[in-house]
Amino acid sequence: MASSSNIVSAAALFLAIMAAAVHGQGTRVGFYSTTCPRVETIVRSAVQSRFNSDSTVAAGLLRMHFHDCFVQGCDGSVLISGAGTERTAIPNLSLNGFTVIDDAKTQLEAACPGVVSCADILALAARDAVVLANGPTWAVPTGRRDGRISVAQEGGHTLGTASCATFNNRLFNYQGTGGPDPSIAADFLPTLRSFCPQNNNGAARVAMDTGSQNRFDTSYFTNIRNGRGVLESDQRLWSDNRTGNFVRRYLGLSGLLGLTFNVEFGRAMVRMGNVGVRTGTNGEIRRVCSAVN
């Protein structure tokens, strides 16, 4: 059950956040159609190669794209390495997939030197990772340029995965009661306690989508319906009427007009991928994704 990231709990979070996201300007589908026509094939091959040996990279690349976009916008700043960069922020220490981006960049520099941004590689890789995890596909607008600023303190504001320390109170002393959160399903509580014992150091990480953490499906919503949400905020998505109806629609329950999760997710990813983008002459095209030119 322990996992460094989770693909559908992150997906659910995207959908909630993207209602307020603002479209970027200047990106378009097919931006590299003449300057680097094999860009999507090359990125897809790099993702596939790593996925074949490590399926957890799918969730890792999706999470990395999210962490990139919500600090300085979708500019590849999370990819820059070195002291004091976003990569050194605590929530980013467990990010997975940097070597995939580096591999794709190396191949693209050989095929189309100085053309494809690292930010675009990451956006394409996140889409390809979702597809490999049995999720939907969508057309990715490209044309982003890379940012030159990467600051650890800003990276510290991005969301990490569920460590025991973030929800231990739910298991043993919910709201000072000395007992567990009653919204946790009785058959799920022993499982959580086995991974997060009462006197543990809180550092262990737990998958937020039980039994399906490396697949793209709607089991996350089924889990919170059944009282198996790991975080209290997850579980409240079901109990709060403001969000519960959306969960029911994604599950096709209660005779409500259904929302197709895959379609909505693809739309949300396009919107997220346009947050704070740099285009035109703003930013640069890095030759190496881990360092500014």
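Our numbering is plain: 1 for the first residue shown, then up by one each step along the chain.
Placement of Cβ uses the backbone N, Cα and C atoms for every residue, glycine included.
Heads up, TrEMBL stuff is auto-annotated, nobody curated it.
Taken from TrEMBL as is:
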- H67: active site, proton acceptor (ACT_SITE)
- D68, V71, G73, D75, S77, E86: Ca(2+) 1 binding site (BINDING)
- H157: heme b binding site (BINDING)
- C36-C112: disulfide bond (DISULFID)
- C69-C74: disulfide bond (DISULFID)
- C118-C289: disulfide bond (DISULFID)
- C164-C196: disulfide bond (DISULFID)
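Here the residue listed as 'active site, proton acceptor' is positioned 9 angstrom away from E86 (Ca(2+) 1 binding site), judged by their C-alpha atoms. In sequence order, D68, A119, R144, R145, D146, G147, G276, V277, R278, G283 are the residues near D75 (Ca(2+) 1 binding site), counting only same-chain partners six or more apart with C-beta under 8 A.
Considering only the recorded positions H67, C164, C196, C289, C74 (disulfide bond) has H67 as its nearest partner by CA-CA distance. Excluding D68, V71, G73, D75, S77, E86 themselves, the residues of that chain whose CB lies within 8 A of the CB mean position for the Ca(2+) 1 site are, in sequence, H67, C69, F70, Q72, C74, G76, V78, G147, S150, E154, G276. Within 10 Å (C-alpha to C-alpha) of H67 (active site, proton acceptor) lie the following recorded positions from C36, G73, C118, C164, C196, C289: G73. Least packed by the Cβ count within 10 Å, out of the disulfide-bonded residues C69, C74, C164, is C164.
Counting only the Cα atoms, the space from C196 (disulfide bond) to C118 (disulfide bond) is about 38 angstrom. The most crowded of the disulfide-bonded residues listed here (C112, C196) is C196, judged by how many other CB atoms sit within 10 Å of its own CB.
For the pair C36 (disulfide bond) and V71 (Ca(2+) 1 binding site), the C-alpha distance works out to 28 angstrom. For C164 (disulfide bond) paired with G73 (Ca(2+) 1 binding site), the C-alpha to C-alpha distance reads 29 Å. The 10 Å shell around the Cβ of C289 (disulfide bond) contains 22 further Cβ atoms across the protein chains shown. Comparing C-alpha positions, C69 (disulfide bond) sits nearest to S77 among the recorded positions S77, C112, C289. Taking the Cβ of S77 (Ca(2+) 1 binding site) as reference, residues of its chain lying under 8 Å away and at least six apart in sequence are, in sequence order, D68, V71, T85, E86, D146, G147, I149, S150. Considering other CB atoms within 10 Å as the measure, the emptiest surroundings among the recorded positions C36, V71, C118 are those of C36.
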